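Annotation comment: TrEMBL describes Thr5, Ala6, Asn7, Ala8, His9, Lys10, Ser64, Phe144, Gly145, Tyr146, Asp147, Lys167, His172, Arg173 as substrate binding site. What TrEMBL records for Glu32, Asp63 is Mg(2+) binding site. Positions annotated as active site, proton acceptor by TrEMBL: Asp63.
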Amino acid sequence: MYLATANAHKAVELGRLLGTAVAPLVGYPAVEETGATFLDNARLKAAAGRAAAPQDAWVLADDSGLAVHVLGGAPGVESARYGGPDLDDAGRVGHLLRELGEAEDRRARFVCVLVALGPDGEELVAEGTLDGTITCAPRGAGGFGYDPVFVPAGDTRTVAELAPEEKDAISHRGRAARALRATLPAS
Ligand code: ITT
């Protein structure tokens with residue numbers, strides 16, 4: 001299965017979650033993410049990957065992000081562009097913390113939608129979520145994106161303070177990947 005993503009962190013996590021069955025799609029052209037939902041955008045990426053992958057292979061795409069309750073679900077599908085196109089992960093985290101300010105309600109949810117397209121046009125969709133809260137300052141060096149400011153419900157550590165296998169066990173991507181694996185045809 002080929003992975004249509006320009007995000008190396010996602011490739012590492014999905015490689016861990018789905019095993020050697022997953023290979024980066026060299027030359028994958030990043031598409032404009034114009035969809036209104038995670039599913040729309042995952043489909044756009046999967047279709048672009050489909051066009052670039054060998055005909056007989058499955059193609060997988062991931063659209064994911066963070067929905068913050070008190071921000072009305074923002075940044076949501078805009079998570080990768082939150083605060084402007086020139087920010088990096090740390091810059092987006094800083095923007096999020098400024099937007100939240102001293103807000104008491106810091107509930108948030110990570111969402112991951114995976115779309116797999118088969119050689120004959122079959123489509124498989126899987127979704128996973130992780131509920132938690134946003135901290136007041138970043139902590140930890142693992143993971144990527146918003147992990148340093150996200151504490152999963154029931155834990156005190158941020159996702160960036162978890163070991164990779166601990167993140168995989170509870171993460172939105174881990175849950176989506178396990179659901180997808182259960183529906184993929186045996187290869
Ligand atoms: P591709 O579209 O090429 O796959 P991308 O990074 O643009 O890569 P998205 O459009 O799906 O991916 O944006 C996802 C955003 O949500 C991005 O800012 C990530 O850092 C963040 N994100 C996704 N999964 C995350 C995770 O497991 N932990 C922390 N942040 C995450």
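Note: Cβ is positioned from N, Cα and C throughout, glycine not excepted.
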Cβ neighbours within the same chain of Thr5 (substrate binding site) - under 8 Å, at least six residues apart: Ala11, Leu14, Pro24, Leu25, Tyr28, Lys45, Ala61, Asp62
Cα-Cα distance linking Asp63 (Mg(2+) binding site) and His172 (substrate binding site), given in Å to the nearest integer: 11
Around the Cβ of Asp63 (Mg(2+) binding site), the count of other Cβ atoms that are within 10 Å: 26
Distance, Asp63 (Mg(2+) binding site) to Gly145 (substrate binding site) (CA atoms, angstrom): 13
Max pairwise CA distance, angstrom, over record-listed substrate binders Thr5, Ala6, Asn7, Ala8, His9, Lys10, Ser64, Phe144, Gly145, Tyr146, Asp147, Lys167, His172, Arg173: 21
C-alpha spacing of Ser64 (substrate binding site) relative to Glu32 (Mg(2+) binding site), in angstrom: 15
Most Cβ neighbours inside 10 Å, all chains, among the binding-site residues Glu32, Asp147: Asp147
